[in-house]
């Protein structure tokens, strides 16, 4: 394994900080080792980005776009190798990591279109002059990436930031350093000038050094609510720096009067258990009516979820669920389930840690209807809380009884119920009769409350990657036709 794991000012360097490693959570094997970037190396990365900023932002947009498009082409050339790297480091099945790489490619054209539509140049009519609205890059921005989509989600910040003319210092999750290294090598192959994109690998100390660097102009973060809140506090009193936070959710999914039970169950499974429940949009709470139909749906759901195939990412017969990101994460889900049981929850399908040393768990469903003080927690794994209800409005109110507000959904045949639900539910992603995990890069992605800070990403990422500049212009200074009162020339 190479120890040259930091990419600073166009050079691969060994880290000068503490050693750390990455494990394949499905096979319990160390697959990456390196030393973290020291505070001095983080400072060097920021300085390199600052030095490269004017050169990069002064380049014609078409030149920047040519490099970004070349990156998209190279993603296609390296798609299978990159998909395998993501699978090895996250435990996700290959069928899913292949879709992640495809989403990374698709993000390029979407980001170019969003940049043009949302942050392009507009000329407004004005007598005696020209009026323009243009957009400028912020400068040096830090990007913090998560582990669940270690390619696609940081890509969703990095690509629009570079298109806009920013330079970037990227701090990936310490759980997925191998994916980050592979991404940077593809960018390097695409011909990105030195200093434009820098990689600082490491754990908490590296992240703190980057977030606290006084010379960054902004920080774009996707990850846990806990870390996002820490960053928000760290940036307090710095209104000149832009902070874009995309965090988690305690997402409600309500079922009411469905005619196709299997169709509803499929949407629930896709909402709660895809990616082993490790999507920020995954449903954490399922509301089902107390009725004969509701009983039938719950029974069918338990049957289907109990048959979900869990297995190795590279198995010939692909599983629906792979391993969670780590054994620690898997054991955390076991403990979360135990805590809900202590509070009065009844497991309908018990989540079980399947193999010591790995992130493999079976999916779980727990009825928490009887729990009077349900914790407002994002259980980031395949554990679905079931709540039975009698009144639709009360279910919506309970769905809104969370500090989060990322995603929500209704499964039901009545359009009137859908319209009512849409008006009342508080979330940034609200779906009807579709899984709540299928967000599109061609739409804004973000939430309210503890799920974000009103800086929606995906298609709206262009908005936080550049700031608007209004200009009134004429070719020369000239006397007006009429002077203001009190002036003599």
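Positions of Cβ are set from backbone N, Cα and C atoms, glycine also.
Features of the protein shown, as given by Swiss-Prot:
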ACT_SITE  246  active site
ACT_SITE  280  active site
BINDING   223, 224, 225, 226, 227, 228  NAD(+) binding site
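Feature map: annotations from Swiss-Prot on the structure.
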residue: 223; record: NAD(+) binding site; DSSP (3 states): coil
residue: 228; record: NAD(+) binding site; DSSP (3 states): helix
residue: 246; record: active site; DSSP (3 states): strand
residue: 280; record: active site; DSSP (3 states): coil
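Residue 280 (active site) and residue 223 (NAD(+) binding site) have their C-alpha atoms 8 Å apart, to the nearest angstrom. For residue 280 (active site), the count of additional Cβ atoms within 10 Å of its Cβ stands at 29 [all protein chains shown].
Counting Cβ atoms from all protein chains shown, residue 228 (NAD(+) binding site) has 22 others lying within 10 Å of its own Cβ.
The binding-site residues under consideration are 224, 225, 227. Their Cβ neighbour counts within 10 Å are lowest for 224. Scoring each of the recorded positions (223, 226, 246) by how many neighbouring Cβ atoms lie within 10 Å, the top position goes to 246. Geometry remark: residue 227 (NAD(+) binding site) versus residue 246 (active site), CA distance 11 Å. The CA atom of residue 226 (NAD(+) binding site) is located 11 Å away from the CA atom of residue 246 (active site). The record gives 223, 224, 225, 226, 227, 228 for NAD(+). Within 8 Å of the mean position of their Cβ atoms, the other Cβ atoms in that chain belong to 221, 229, 230, 231, 247, 248.
Put simply, residue 246 (active site) is 8 Å from residue 225 (NAD(+) binding site) when counted between their Cα atoms.
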